[in-house]
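**Q** Sharing a structure below in structure tokens format, with a few things to ask.
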Amino acid sequence: MRTLLTILTVGSLAAHAPEDPSDLLQHVKFQSSNFENILTWDSGPEGTPDTVYSIEYKTYGERDWVAKKGCQRITRKSCNLTVETGNLTELYYARVTAVSAGGRSATKMTDRFSSLQHTTLKPPDVTCISKVRSIQMIVHPTPTPIRAGDGHRLTLEDIFHDLFYHLELQVNRTYQMHLGGKQREYEFFGLTPDTEFLGTIMICVPTWAKESAPYMCRVKTLPDRTWTYSFSGAFLFSMGFLVAVLCYLSYRYVTKPPAPPNSLNVQRVLTFQPLRFIQEHVLIPVFDLSGPSSLAQPVQYSQIRVSGPREPAGAPQRHSLSEITYLGQPDISILQPSNVPPPQILSPLSYAPNAAPEVGPPSYAPQVTPEAQFPFYAPQAISKVQPSSYAPQATPDSWPPSYGVCMEGSGKDSPTGTLSSPKHLRPKGQLQKEPPAGSCMLGGLSLQEVTSLAMEESQEAKSLHQPLGICTDRTSDPNVLHSGEEGTPQYLKGQLPLLSSVQIEGHPMSLPLQPPSRPCSPSDQGPSPWGLLESLVCPKDEAKSPAPETSDLEQPTELDSLFRGLALTVQWES
């Protein structure tokens, strides 16, 4: 009987004994990282997939448990209690109840939990920037789910006031550099270009003895491309300079005026060369002032040949007629018509050329020339006098200038002529007016006499048009010319401006005066104003003048007296 009662008692006690929770539920605990609190657990050996779990929590010191909404009869094995355990100064408890499909249940509670103490720190968020010789590391702030009283989320720096960062940089695990501090930006200097480094960054909280997991980054410094940049800059500068030069050359080529055609090149077409002195021929006008003042007075010309600068032996022959030089006197008239009826006897002014040097100054300076003789005069000894400078004088009521041309033709072989009237020849030193206006005589009146007479009568003269006369050896006027000496130049009627230039050809020679044997009629159209030649051109090979006459010799003067009287300017070209 006693044995039966013992079996019944043990069976009833076994039926009322609690189940072991380790068979259905185990490892219930809080896992907190950066103050994110997660409750986790594992199922026991007898747990099945259809086992459900329910979670409850309470603050330390309270008796009642609070069921967690959203974590009742769940099959997952975790529940987030961050909000329910967000107070950093409180301690919390949590428990899990597991119920199997067979009706078995098990409950297990966590240990006391403090977020400040039990939370762990995650690795920081860092940005590594590689440079040529340095590596820069920027630590970003780590946010937490904890909210402040105003609702904004706190960071680790806000929660742990003694938090600081520890940085380490190493190369091949041999060379290490360390930096630390509370700032968020760090940079390692003095690194080798094009080298790989391993960086490690950790968060340290000394008060709670916490260290975060290290953040690791592999960074390679940049290669040194300074020479590449220098070369590129030099290349770009060279290309820019080349483009600028090409643009400038293109602009110059486009804006350059086109070259004139050869047909417009006058220097190739013309054969004469201006301002080149060769042998000089001068026509000295002789006036007859005895005629009525209302008629223009005829002009006769005495030809003078003056030798130019000597050329060295063997020098090439210069161009004869085409190479000329003009000595201008455009504004000063030498002779003007006069109404003074009585003839005036002027003291003769002699012309004395002297030897001249080869080259003269640009403006006229009288030079010493070889001795010369006037026509119709006996040779005389020439006195050497210092040349005087020429100063042109302007006269009132100046006439328009005129000129004369002596041209070479076939007149050397033509019959010579004589003056149509004997009054063409007169004693030296006498100047008479001739009534006829159509005759032109060559006589013994020197150029200085004519100049003196013109200067005295300049106040009484009227402004009249000057007649132009042309002296030529090519043709002759049968109405004007008569037979005379052979080789004398012939004179054609025409109108020329005043004498303003002298042509000098190459060979030096004496200065005899050659009287023309044929009269020159200025015009056939009635009275015309008389004037003085201003320009003269003669060839160098003109026939030499006959021997000068011996009667009534004039006292010779210097060459500068002639040009001073005529107000001419002589320019020499080397």
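The backbone N, Cα and C atoms fix where each Cβ goes, and this holds for glycine too.
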**Q** Which of the listed residues, ASN80, ASN87, has Swiss-Prot annotated as N-linked glycosylation site?
**A** ASN80
**Q** Can you look up which of CYS79, CYS128, CYS247 is joined to CYS217 by a disulfide in Swiss-Prot?
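**A** In Swiss-Prot, CYS217 forms its disulfide bond with CYS128.
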**Q** According to Swiss-Prot, CYS71 takes part in a disulfide bond; indicate which of CYS79, CYS204 is its partner.
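**A** Going by Swiss-Prot, CYS71 is disulfide-bonded to CYS79.
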**Q** At the level of the C-alpha atoms, what whole-angstrom distance separates ASN80 (N-linked glycosylation site) and ASN172 (N-linked glycosylation site)?
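**A** Cα-Cα, rounded: 42 Å.
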**Q** Is the transmembrane segment (229-249) packed against any residues at least 6 beyond its ends, judged by a Cβ distance under 8 Å, and which are they?
**A** none
**Q** On a simple 10 Å Cβ count over all chains shown, which one of the glycosylation sites ASN80, ASN172 is most densely packed?
**A** ASN80
**Q** Along the domain 'Fibronectin type-III 1' (17-124), what average pLDDT does this model show?
**A** 90
**Q** Looking only at the domain 'Fibronectin type-III 2' (141-221), how are its residues distributed among DSSP helix, strand and coil?
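**A** Split into helix, strand and coil, the domain 'Fibronectin type-III 2' (141-221) gives 4 helix, 46 strand, 31 coil.
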